[in-house]
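Before any comments, here is the structure.
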Amino acid sequence: MSEQTEQLLLGRLGKPLPAVRSRIVRIFTSSTFTDTSVERNALMQDVYPKLRDYCKSKYGLEFQVVDMRWGVRDEATDDHMTSQLCMNEIAACQRLSIGPNFVTFLCQKYGYRPFPPKIPDDEFKSFISILTEENQSVELLQEWFKKDENADPAIWILQPISSILKHYNDNEHEDEMAEDRQKWWNVLEHLQKQLRYVSDISQKNGMITEQQRAKYTISVTHDEVLHGILDYDTKRENHCLCFVRKFEDLPQRIEEKEAQNYIDINWENNTVDEAAQEILNDLRDTKVPGCLDKANIIVSNLNSWSAKGIDVDIPEHKQYLNQFLERFNDVIVELIDRAVEDDKNNLSNHPVYEEILQHLTFCDSKCQSFHGREDLLSCIKDYLGECVENSMKGFPLIVHGESGSGKTSVIAKAAYLAGSEWCVTNNTASIVRFLGTTPASTGIRQLLKSLCKHILCIYGDTTQEIPDGYFQLVQLFPKLLQYATQSKPLVIFLDSLDQLSSVEGAHRMAWLPRRLPAHVAMVVSTLPEEHSILKTLKTILPEETRYQEVNKLSIDDSTFIMQSWLKSINRVNTDGQQQIVSNAIQQCSLPLFLKLLFNQASSWQSYLSTDNINVQPSVKDMISIIFDRLEEYHGKVLVSHALSYMTISQNGIGEAELEDLLSLDDEVLQDVYAYWLPPTRRIPQLLWTRIRAEINDYLVERESEGSRVIYWYHRQFIEVAAERYLHDSEFVTQLHMLCAEYFIGKWSGGKKKTFEYTDEQMKKFNKTEKQDEADRMVSTQPLEFETGKFNIRKLEQLPYHLIHARNPDLLKEYTLCNFQFISAKLRGMSLGEVLQDFTMALAKYEDDDEIALTSDTLRLGASNIREHPDNLKVELIGRLKDSKETFLHQLVSDAEQAESVELPLIPYNQCYPPPGGPLRTQLLGHTDEVTSLAVTSDNMYIVSGSKDKTAIVWEIEGSSLLHRLEGHHESPIANVGIAPNNLMTVTYCYTSKKNSDTSDEINVWNIESGEHFLTLEGHTGNSKCDMTFTSDSKYAVSAMYTDQLDNNIQKSGHYFMVWSLEDGQKLYSRVEAHADYINDIAVGRSSEGCYLVVTCGDKQDPCIKIWDLLTGQSIHEIRDKVIPRHNPCKQLSTSKNGRYIAFHFDRPGILDVSNGEFTYLGKVEVDNAGIVKFLDNHKHVLFKNDGHVETAFVFNTDDNEIVRHVLFPGGHGGSIKQLYHTNGWETIITRHDKFEKGIVWKLDQSDNPLMCITCTPLGNLSHNNIVNTMVFVNDSPATFAITGSSDKSIKIWNIRSFAQTAKSIRNLKEDFNLEESETFAERKPHFRQIVNRVVSLDEEKRVAILDNHGCNISLYDVTEGQLISSRESVGHAKGIGIAATVNGNRLLSLGGHDLTEYNSETLEPLTDKSTQVDVPCNGLLISNNNSVGLLLAGSRQIDEIVLYNIDNGETLKKYKPHSGVGNIILLTDQRMLLLCNNHLTMVDLNTAEDIYNHNYNPNDANDFMICGAMTSDEKILVTGYGNGIIKMFEVQSGNNIRETKAHESQLRNGHEHEEKIFTDITMSFDDSFFVTASSDQTAKVWDVSSLEQIHVLKGHTNTVMNAKITGDDQFILTSSTEIFFKVWNAKSGEHLVNIMGYSLISTMFILPQTNRVVVTTADERVMFFKVQNIQSQCEQKEVEESKSEEIIQSNEMNDTEQRDVSTPTQQSPTPTVNDNVVLEEQSSETPTEDVDEESSEPSVSKTVEDENVVREQSPEPPKEDFAQESSPSPVTQNGVADQVPEDEVPSAPTTEQPQEPAKVESQVEQRQAKPSTPVPLQPESVKNTPPKHTDPAKHKIQQSYRPPVQPSPGRFMVVLTQLNVTLDCTLQSLRILGVDMATITVKTLMVVETPLNTVTRLPLCNSYKFDFQDYFKVEFLLFSRISTGSSLGVPHSSAAWAEPVEIRGTVVHVLAMWNVL
């Protein structure tokens, strides 16, 4: 590290700093005005836009051109500042530009030669003296020049033209203006001659130098070349260009009038100005070539000149112009590329150092003019000294003061001194950031990232990675502060916290460390009121924190500072002017005011009358003066519009954006181009550049949406600009609309914008049409750039401007109801930022239903959309499909048409709960019951706790998951609490429930960062009440109890404990508080401010006790002395000030904790107050009385009276556990014990407070399971109830919407019945796998659906997904199932004794009454011939099957199953299969007799048949058994073909779970595979032909209840006890997506012909989905692999010779196979079977025993990614079977009966007892001889190998050598010895390095990329599974050489091949 680098890192100042890296290509173009106008116009129109795009897209650079001949206003000429402006701009370009900065066009015209507007006093006096001596008049000189004695030394200043010639710029009086302008040209000519003449004499006399004389003789262009090239000492070849163009015949054509525009002519005699030409020739042909490389000078010679100069109608001119433009573009690009490349090595090019340098440069500039403030600096110095030397933890120093008080200057000076004088000797590192001055210091995330990087660089840590996320950075920052040491302390300065963007909650200050590690100091500054930052800091920081206010400057200090500033620029003021300054300082001495005053005073001349000086007494008034001057000098229209665009911008405006906007603003362009027509109707870049130069000190550059923008630095400028320019709402609306049109891209891409000429312009420019149009060449605004990056500026700014443009239709059309826009913003930004747009829009258009409904849709689907942005499409269609509103209809239509390559299923009906209702959103993230909720007091965050042992922090507004708090709990979280400062949450596991889940774990987390930082120890793990906190968040208090056995006697202790939340330590040992349970605990505060603990005991000790929190000492004991045996208090509540506690004994009361005195409230008795709480105003307190009749009382504590009495109906169900109310008590919200919904009540108002008012239910807050917890957010205008449930979800409800969408009282009362405790999860039909609730009709054109409760039958149109009709079920009993005939003409429903037939078209019953059947039935099936109905009789199982004639209603037969029926499968030919517990039975439906019945008499009690599925040809049946085994049967015979273990029972509390292990089996429609669903939370995919496992589908967190396969066999659908179903790729097993149902999934029904899916939910919704054809990631990989395989195949050797493989002991043939078969695995004992080539059925002769033996011998369970394997006989390359010697041919197989399960189990146990584990290969002393055809010299292997010990059956291995090339392909596609590895699943990869002492095992995925250097030799060891057990014929103890194989032209020798038996 260089010394300069180290000095920058340590923040050292005092020495010159390196230049700050430039991000601008800024080119000054120099030329005379007239002779190159065609070229410059062409550049402006054709080349500059391309260069701008090039710089932006390739390097992220801004491209600017400064053309002073464009747009120079008359006012600039009037002040004679043109030349000086040019020189200033050249200097700026040289300072700012990376690469080219100066381009000159030197042709044949020397140009305008002005004289200097300022002449030194001594020089001017000498000129006057000379002229006087020669009797020349000096009147004009003395009239037009005035002496300014405020300059030191004095100067003479040329006066503005209009100050003497009043009408010079008076466009309203053209004649007078023309006269004055002619006068000025006469004056100018006279003064030019005089000054040139006298300067020549003075130079000859030695009075002035040649350089001084040149000021009076050279042209402006010459002066520009001097500054830009000749006097520029940097590498000119990298920065400067010169273009020369000459007309050969121009000198001979000067008589033509237009020639004067292209060559200098003497007006007097119309001849060439030879003097000018001589100077030009010397400059152009000698001086410039003398210092500029030839390559940088481009010369063009043209033969003929035309009156137009360059005339494109002349071929020669046209060719020249095209070549010029092309050459200009190329050379500029070359210089830019070169500069960027050279800049890569610059120190400032490193992002960390660039940021450091920018802030140090800013700091240095602020210190240049700093004076005073010694007292503040002394305090800061003392603080720094204490912190860096102290080994104890410290606190930040907070500097605060009003805007303009000079905080930034103080911080800058302190940082300067800390880095130069104070801390240099002890190696202190100083970091300084002036927030908001750079993009990386604007947002808190960028700031923290910058600080972390800086700290790591200081302390040399190169290993720590810096995260991108805000919350992760908040965690990391305090950790990095601990790097500071005594030898290298750390000091951090952060100025202007208020300048941080509010994004990510920066102003909450949670990111600021409350305590600092040893040897760390931190100084921060802020405004006192802005964003309440100072108030927040005082709340969250410890009391020891220091605060230092920056007050106004004293008058003496202010005066001294003003004089010092003027002196620094060699200026003074006259006495009168100084008096004005002094008077102003007495009225305001803020540093900002002084800065504004100085900027004005520095421009006063001594001859300026004090009457003409305008100084105002306030900052705002002084800013107005600045704006006045800008308007005067640059034009009011331009200034007002430019500053307005910047002021109305959301977070600032990019300069390119501002230029584009001004170019679209015709009012601005009309003013700029009032007197001439531009070739391109765009604003000249220079105009804004000039304005910015004058206000640059008051602007800040920052980052917004990934772009650099500028904005006001001081708030007063924002306020003044708004008051001055934005008071007219119509004008503001127009500005926003133009901004919106710009970001829409309305005028980009060559679209021309119309404009109108003024009458003056039409007359002046001879225009006949008033209206015209022009391309403004503004930037395009796509949603996504071609690079794949999103246009963040458009996504952020367009909604903002459209909202404020007061055009809701455009707002909806382009953003809020635009699918492409919402989708892009979701992907490019976040859902939270999308929702912010809707929040902003609804604040302005609250009555717009379309905006509100779209907003509600996004919030309702927030969790789903966040999981994947493609789900936006699902949510919009699912919730808004039926919308008729214009924009919503278009939104849904666009969503339907949008491509989505990752969504396998798309809904096409409105199937989700619609928006606009009470449910605002649903938060999904927990995998088990939600047990508790807490909300921060600012209503920003929710914290949820769950039985899944995690807590989650949620952001309410964006409905987003911020942190998952996990890893520190081993037990379910019972409760969560939030400290009052909203920075900490406490999660704990203790409850009063006596179960194993209760524990003593208490953890404290940072809400903002999600960081775990404390564990509170010492709790017993049992408590009846929640933890509570002190109001300052310093202490946590909890009650607890113990139950212990002592000599068989139960002993209990009841305690409380206090912890410090700063270090987690206990303040003292636990305090035994009561003789019985502590029912509740609270924290109060005495009148002196001391914290007190208040506890209330249970029956044996029913008193209330008050304790000193800090000491644990008892202070008061409160009892009712009148009624000593009063009821115990159940709950306590603390008032806001902590002094009063609401409690109850037999009556409600208020306790003063200061003195222990209490007062009863009213005369109402409270037997058991379940709820006690102070209400929001803390004057009212609520008591809710538990009991059969639940009532609530509200007391006014001031007058001790009841103000409200409420009665809740019901009372015979769960009691009210939580109660909330809205303001005014219009609505009450309650949570009930063990109830699956909260209740919203309407409360009528009454003037009589004593009158008991009965609540009326308004609606339910429904879940799919018990609501365990609820919190309430009453934050106007939003009022939310938030519920957490055992269904694992959290729901946020909009309470205000209930009054608008309430149901009728009758329906609510019916729905409200608390006695109905059965949850959705429990409402399941009997015989779920047998009975249908969904049937298809008319070849899948319609479906009929019976709801979950059997109350209604509905008919749906499948094509549209729309309801056709619906009706209640007929009959007394609820419908259990429905059935339809095969042709769909008849529809029947059965329930109990009632059998009803409906018209399948209208759902009308065909008879008046239902048919009564003899026995109560619970199911109905119809045979395939449409004549026989199967009535399933029984309660919990099928006891009897009644065969019923559905035509005449007669009972045909009755059949009694042999055992419990698990499933019924109807076959053709009037047969049915009964899958019974212990039997497989086929029954003839005509006779009701068994065709066969197999009884397996299992030894295992769990070996009972549960469910099954059959192939479509009715040949194969697959069944699942209770012991987890799949059995495959031949349907015709009922014989067991094969079986395998599929699933394992799950253990619950140490015991096998009682739930059925198989829940569903479904067969693919092509009969190639089937899927099993299980209670082990998985589904598995199996090959039908081999019963091999193909995939394991993992991901559910509970029993997989359903598994279905789509009609095209492309996808598998699975559902569990969750509110979604999962979709899997059937081929790859890849999980694709979760499809939300937002309720438990009841039924998934497949329509194979139309390839659609029907899903019903527990809340009675019906969802229709279309199946899409998508390509999964795995399939994409397979495509790539197949391409790779094709390449390999093309390079394979055409001839592979079959050779014998030799070993030291024996030789055996090595079999080979062709491309279509694999080597078979054969048992040495069991011979192979012949394959019937003519039969398409799979061979079934392999015994169950063999299957199990082979399966169990494998040391690993089958992998999930097994490909389907075939097992034909091995054949040669020619397709002929290998000839195997007779002695090796195995005998024919024998047929065996299926093996007993017990025997199989014993074999499994035997195999598992001695697992075989492969070990690494070891060298062997025996040397092998290579094959004869192989050159031994080429083999580098000097040792042979020994195969693994105890090799695994069913595997072989191959070792490859000499693979010294890059191999990028899939191992499975390699062909080795003719073996098609694509058919073998590679299981393990072992890389063996040479020498063979290093072995690396790697898991195999689908493909590997191997990249090995030539010098590095590697062998591959591949283990591959073989489908059957064929022997390779090589003993496993031997090795052999084999034939080399060519892979991609590289010979790969197969060293060895072993058989593994």
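Cβ atoms are placed via backbone N, Cα and C, with glycine included.
What TrEMBL says about this one:
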DOMAIN    370-520  domain 'Orc1-like AAA ATPase'
DOMAIN    616-729  domain 'NWD1/2-like winged helix-turn-helix'
REPEAT    923-964  repeat 'WD'
REPEAT    1260-1303  repeat 'WD'
REPEAT    1551-1592  repeat 'WD'
REPEAT    1593-1634  repeat 'WD'
REGION    1676-1844  region 'Disordered'
COMPBIAS  1676-1686  compositional bias 'Basic and acidic residues'
COMPBIAS  1702-1712  compositional bias 'Low complexity'
COMPBIAS  1727-1736  compositional bias 'Acidic residues'
COMPBIAS  1743-1762  compositional bias 'Basic and acidic residues'
COMPBIAS  1764-1776  compositional bias 'Polar residues'
COMPBIAS  1798-1808  compositional bias 'Basic and acidic residues'
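If you look at the repeat 'WD' (1260-1303) against the repeat 'WD' (1551-1592), you find fewer than three C-beta pairs under 8 angstroms, all six or more positions apart, and that falls short of contact. Remark: secondary structure over the domain 'NWD1/2-like winged helix-turn-helix' (616-729) totals 72 helix, 13 strand, 29 coil, with classes taken from DSSP. Mean per-residue pLDDT, taken over the repeat 'WD' (1593-1634), amounts to 92. For the repeat 'WD' (1551-1592), the DSSP-based tally of helix, strand and coil residues reads 0 helix, 24 strand, 18 coil. Secondary structure counts, DSSP: the repeat 'WD' (1260-1303) has 7 helix, 26 strand, 11 coil. Across the repeat 'WD' (923-964), DSSP helix (H, G, I), strand (E, B) and coil residues number 0 helix, 24 strand, 18 coil. Residue counts for the repeat 'WD' (1593-1634) by DSSP state, with H, G and I taken as helix and E and B as strand, are 0 helix, 24 strand, 18 coil.
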